[in-house]
Structures are given as structure tokens and as C-alpha cells.
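Undergrad: Here it is, the structure, as C-alpha cells.
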Amino acid sequence: MRGEFHLLLATLLAAIGWIASKSVVVEVPGDVFIAARFLIASLILFPFCYQNVLILNAKQVISACAVGLVLALSMQVWVYAVSITNSLSGGAFIMSLAMIIAPFTSWLFFQTRPNKAFWLALPVAIIGMMLLTLSNGWHVEKSQWYFLLASALVSVYFVFNKKVTKEVKPLVSIFLQLFTVGISSAIFVSLTQHASYELSNSVICWFIVSTIVATSLRYLLQAVGQYSVNIEIASLIMILEPIWILILSITMLGETVELQKIMGASVIFLSLFVYTKLSRQ
């Protein structure tokens, strides 16, 4: 049960990361936040995997860093969506669709046809997406489009990361990817101009939470948990993340969630559950 607990805690820490990120980007530019968060988080993880990092060959390093660039792009889109959204929980459920989009992405890049579970879960996910987004007629909020784009990019990350982790240990791969996100985002920040901003004590506290708790500790727990838990159980536990975000958004941010959006979120959760269960049969 220890592995299951590690994964469950990882999903909760990831949800806390959403709340922390929203609290930080109210005052700090999103790209600056991503650069600092991931660079520091990767350096915290380095002592846990440096011996394995040093024995990697050039091809393995390049592969992991290339996947890290995809993650960096998805994180930049995601943090922009977080900064402009009024519904963090809705964005979380849209992002969770990456699990269902991934088989289509794999089909697109590697001609790997999706299994039956994908075709059964897809229409359910679309219905949930429509309920979640079309609350004011046929109008989709700007942030929801960006969350959907970020979800698609995360699905690309899932597909290529799966191939990388066959050659590189998960924790080593995570370190290299987080470091790549931090460095590439820092380069992007250096090439752009931002209005001046001040760091309040509240923002600093939330930044520490997002970096140490929701990134370094979360990924460490996730890597350890996935190593010792059956993949089906791991997948089922991981889809709890948007549920935590919904609860935290309501209790900590005072978010008001309409009945239709709750129904949409529930249908999306159902599609993820159906896909996960049927994929393992």
C-alpha cells in the first residue's frame, strides 16, 4: 500500500501546485515563474540521481532534453491559461484529457492505431467537454482554448516520454526534463520584456510551495510510486488530480462551480475511468 499512498499524495501535491501557481502568477509573469520554478526544482532533485545522470551517453541526454522542450512549451501555454482563467477546476479537467488525446497523438506520429477503449471513451469525453465549456451558449472562453492546446501538447509529451523512459530511468529523465524546462524558459525570459513587479511575502511562500512541494517532492513521490504499483492502479489514482483541484479551488479560492460544469467534469472523469479500465483488459 505504500506505493499507492505515494501516488495518492503525488496527485494531491500536484493539485496544490495549481492553487500555488494561480496565486503566484497574479503578481509574477508566467514565464518568469516557470523558469524559476522548474530550474530550482530540478536542482533539488539532482542529488537523488546525479550518479545515474553522469553515466548517460549523449544520445540519452539529447532525447530526454528534447522531450523536456515539449514539456516546456506545454507549461508556457498552461501557465498563461492559468493566469487568465476564472475557473481553475474547469481547466484541470480539460488538461486531464491529455490521457485520452495521447493515443490519437501516437497514431499521428507513429501510426499506432488507438485501441477500442479510446474510441469508447472519446465521445464521452467530448460530451463532458461540451458540458464544461458551453455554459453560455456556443461560447468557449479564451483560457479554455489554451488549456485544450496545453492538453494536446502534454499528450505529445506523454507519447515521446514513454519512449525515453525505456532507455533512461524515470527520475533521471524527470531531472533532465525539469532542468530543460527551466533553462529554456530562462532563455525565453531573457529575450522578452516585462513590466516591473514586486514579490510579496505571500507570493514568495506560494512559490516555495509550488517549487519544493508541488514539483520536486511531487515528481519524486510519483516516480517512486509508479515503480512499485501496478500500472492500472497507478493510472486510476492519477486521474484523481482534477478532483482534488476542484475541491481546493472551491475551498481555497472561493470558486463558484455551476451544476452544468460539475456534470461536465463528472462526464470527463467517467471517460478517463472507462479508458483506463478498458485499456488494461
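Every residue, even glycine, has its Cβ placed from backbone N, Cα and C.
The annotation domain 'EamA' is assigned in TrEMBL to 2-133, 145-275. Marked as transmembrane segment by TrEMBL: 32-49, 61-81, 87-110, 117-138, 144-160, 172-191, 203-221, 233-253, 259-278.
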Undergrad: For the transmembrane segment (172-191) against the transmembrane segment (32-49), do we get 3 or more Cβ-Cβ pairs below 8 Å once near-sequence pairs (under 6 apart) are dropped?
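TA: Answer yes, regions in contact.
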Undergrad: Counting a contact as 3 or more Cβ pairs under 8 Å, with residues at least 6 apart in sequence, do the transmembrane segment (117-138) and the transmembrane segment (203-221) touch?
TA: no
Undergrad: Per the 3+ Cβ pairs under 8 Å rule, pairs at least 6 apart in sequence, do the transmembrane segment (233-253) and the transmembrane segment (87-110) touch?
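TA: These two stretches do touch.
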Undergrad: Per the 3+ Cβ pairs under 8 Å rule, pairs at least 6 apart in sequence, do the transmembrane segment (259-278) and the transmembrane segment (32-49) touch?
TA: no
Undergrad: Have the transmembrane segment (61-81) and the transmembrane segment (203-221) got at least three CB pairs under 8 Å, pairs 6 or more apart in sequence?
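TA: Judged by the Cβ rule, the two regions do not touch, with the required three close pairs absent.
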Undergrad: Can you tell me how the residues of the domain 'EamA' (145-275) break down into helix, strand and coil by DSSP?
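TA: Each residue of the domain 'EamA' (145-275) counted once, the result is 106 helix, 0 strand, 25 coil.
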